[in-house]
Amino acid sequence: LPICPSGAVNCQVSLRDLFDRAVILSHYIHNLSSEMFNEFDKRYAQGRGFITKAIDSCHTSSLQTPEDKEQAQQIHHEVLVSLILGVLRSWNDPLYHLVTEVRGMQEAPDAILSRAIQIEEENKRLLEGMEKIVGQVHPGVKENEVYSVWSGLPSLQMADEDTRLFAFYDLLHCLRRDSHKIDSYLKLLKCRIIYNSNC
């Protein structure tokens, strides 16, 4: 569902509609990333002990994101909006490479590839929607494009199968974690900004 019909000039969408769409999208992305992680885990990670190796060192860890709802509630909504944008931007590059590398996998399972493609597309749409929200909540504010650089591509291309599969596992684990955070923060923001915290 495009936010504005193509060719529409001065199209205005209410802030509530923008938030509704963003929450639906973020929830969908989180569901897809959970399904993709579970599929990968079932197909490639069984018996390899990846879960014990998956230290919580996602490339987005440098962005100081709140760990839970209680922490998130202490953060001013402007900061929360910036964090969401930062996390979304931080995934542009890894999602692009994830799709490319999954395509190159032997017998790349469609269940994983199709979800990776969808998540990459939906992440861009959610980022676009968030930028529109920022435009309405803080008109005229120049947004700092803060994001974390991902340097995990060489690991996804390793010749050693175990190392390579673990790199995929770790990336999908982080994607699931971050998509859950974004989903939670967005619901919190919608409650705060649209419903004046009465929800």
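Count begins at 1; order follows the chain as displayed.
In case you wondered, yes, glycine gets a Cβ from its N, Cα and C as well.
Looking up Cys199 in Swiss-Prot gives a disulphide bond to a cysteine among Cys174, Cys191, identified as Cys191. Of the cysteines Cys11, Cys58, only one is given by Swiss-Prot as the disulfide partner of Cys174: Cys58. In the three-state DSSP assignment, the secondary structure recorded for Cys58 (disulfide bond) is coil.
Shown in sequence order, His173, Cys174, Arg177, Asp178 are the residues of the chain, 6+ apart in sequence, with a C-beta less than 8 angstroms from the C-beta of Cys58 (disulfide bond). In three-state terms derived from DSSP, Cys199 (disulfide bond) belongs to neither a helical nor a strand segment and is classed as coil. Listed recorded positions near Ser90 (phosphoserine): none (candidates Ser26, Ser34, Cys191, Cys199; Cα-Cα distance within 10 Å).
Calculated from their C-alpha atoms, the gap between Ser34 (phosphoserine) and Ser26 (phosphoserine) amounts to 12 Å. Here the Cα atom of Cys191 (disulfide bond) is found 15 Å from that of Ser26 (phosphoserine).
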